[in-house]
């Protein structure tokens, strides 16, 4: 006789949807139980968890975080399809990075700088080569013109609750 609530969880891959939905109510093996899911370490099929509180009964559907699978109507997520459509129209596609293009003159050099990034380098290019650099979290600069830093000293103003800021602070230890 408790009211029934359907909850659908959507989000990007590895952003904690399964953990958030039930605090680990199901073991990983129960959620990602298809061979392909285990091999790739991703959720392809929707996972379902039911639980109750003193006031309500919940049926929670965790949708896969991969755009290739979310829209597939055969996954049994029709109960949240309208929500997905509404979210898709409101939230743009996540950024994939920026592709930098341009002309490097003969003998010009450039550096890609970023924090903790794996950078693959191209030793040389020839006239007529079409080159582009995917620079997500990186900057392309003239060699030696800037240096990356891991520590900075800054003065920070934190918005109060009344100004729209957080009312509980977070730091690296909490």
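Backbone N, Cα and C atoms are what each Cβ position is placed from, and that goes for glycine too.
Under the heading GTP binding site, Swiss-Prot lists 62, 63, 64, 65, 66.
The annotation N6-succinyllysine is assigned in Swiss-Prot to 78 on the grounds of similarity to another entry.
Its Cβ placed at the centre, residue 103 (phosphothreonine) has 6 other Cβ atoms within 10 Å. In three-state terms derived from DSSP, residue 103 (phosphothreonine) belongs to neither a helical nor a strand segment and is classed as coil. Residues annotated as phosphothreonine in Swiss-Prot: 103.
Residues or ranges marked as phosphoserine in Swiss-Prot: 121.
Residue environment of residue 161 (N6-acetyllysine) contains 9 other Cβ atoms, counted within 10 Å of its Cβ in all protein chains. DSSP classifies residue 161 (N6-acetyllysine) as coil under the three-state reduction. Per Swiss-Prot, the feature N6-acetyllysine maps to 161.
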